[in-house]
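Q: Dumping the structure here so I can ask a few things about it.
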Amino acid sequence: MPPVSSVPSATRRVVVLGTGGTIASRLDEHGAATPVDPVGGLLADLGAELGHDLVLESRDLFVKDSSALTPADQALVVRAVQETLAGPDVVGVVVTHGTDTAEETAYLLDLVHDDERPVVLTGAQRPADAPDADGPRNLRDALRVVADPAARGLGVLVVFDGLVLAARGTRKVHTHQTAAFAQPDGGPLGHVADGRLVVDDAPAHRAHLTLDTADLASIRVDIAAVYPGVDGTALQAFATAGARGVVLVATGAGNANPAVVAAVADLTDRGVVVGLTTRVDTGPVWGGYGGGGGGADLVAAGAVPLGTLRAGQGRILLLSLLAALGDPDRVRATLPTYL
Ligand SMILES: NC(=O)C[C@H](N)C(=O)O
């Protein structure tokens, strides 16, 4: 299954975009996994056939550990997917990606993806030179899913360890096991069985955004944690550093304390949008608690509940809405329609 660089225009193509991650990593002289492989090499090593009248084409965007991605890198991935889908002969796109931040890139792609053709992210938990590397299976599954007509209309997907997950709500749930991803508040959307996509669940409604990818790299959105004794220092510091949005990772159903509520009110006055999520693994946040520091107080101070989104994807939603809409009041008012 070698990469093909130029194909006749009548040919239908599946394009694989490489970005690095463990799937592209080998152990260095110190035994540390380091991304080095171009994606074309991964495809050649796979040696499989798509089994359709499809031609594979590959392109490396960069070769990085996904923990080191910058907003500019993420914007580059978005542009590359959009440019690739401008080709009418393209059936779908696979993005190979590190698992650490795949949930962010997948959700960002999903928010701007207004096309029936599938975009699939995959990766690996074990380096390419591990004897039991999981990358080849994941990449093979991703190719099969993207080439499957049943994937049309499902949006951006994460295909990993046999699961097919909708981008929104998908999170990395284990640091090293090959079953690295789940949709803890729903899903999975489907699975891969005998090399075929099986859709188990109806895809959730998806709302799209139109934005200038350059803004993704210039708008600052931070994440602040809540814990016993926390005050407003981090929130204020982020606002002073130029943040236009901050995701507050609260406790429980979305609670903090009076000092944090005061800081949220101040940030709201300064035009900073505060999104409210939780450090709890599953369940939605809601403004059910009062007493000066509860979720009801945070919402009254201007914080916007992020539903079941956790910090990484909540940050992507704030960033994307700020890029698309600009005005903080419009962002606050519009955000719930994306949950
Ligand atoms: N499994 C992985 O891909 C983890 C790696 N640190 C990355 O995100 O690039």
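Here the Cβ of each residue, glycine as well, is placed from N, Cα and C on the backbone.
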Q: Out of S58, S66, which is the one TrEMBL records at the substrate site of T99, D100?
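A: So the substrate site in TrEMBL includes T99, D100 plus, from the candidates S58, S66, S66.
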Q: Just to be sure I understand the packing, how many Cβ atoms besides its own are within 10 Å of the Cβ of S66 (substrate binding site)?
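A: Taking every protein chain into account, the count is 23.
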Q: Within 10 angstroms of the C-beta of T99 (substrate binding site), what count of other C-beta atoms is obtained when all protein chains are considered?
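A: There are 25 of them.
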Q: Per DSSP, what is the residue count of the domain 'Asparaginase/glutaminase C-terminal' (220-333) in each of helix, strand and coil?
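A: Across the domain 'Asparaginase/glutaminase C-terminal' (220-333), the residues distribute as 47 helix, 21 strand, 46 coil.
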Q: I'm checking region-level scores; what's the whole-number mean pLDDT for the domain 'Asparaginase/glutaminase C-terminal' (220-333)?
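A: Reported value for the domain 'Asparaginase/glutaminase C-terminal' (220-333) is a mean pLDDT of 98.
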Q: Around the substrate site formed by S66, T99, D100, which additional residues qualify by having Cβ within 8 Å of the site's Cβ center?
A: G21, T22, D65, S67, H97, G98, T101, A102, G123, K172
Q: Radius 10 Å, atoms counted are CB only; among the recorded positions T22, D100, which position scores highest?
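A: By the 10 Å Cβ neighbour count, T22 comes out on top.
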Q: Among S66, T99, D100, listed as contacts of substrate, what is the widest Cα spread in Å, to the nearest whole number?
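A: 7 Å is the greatest Cα spacing among the residues binding substrate.
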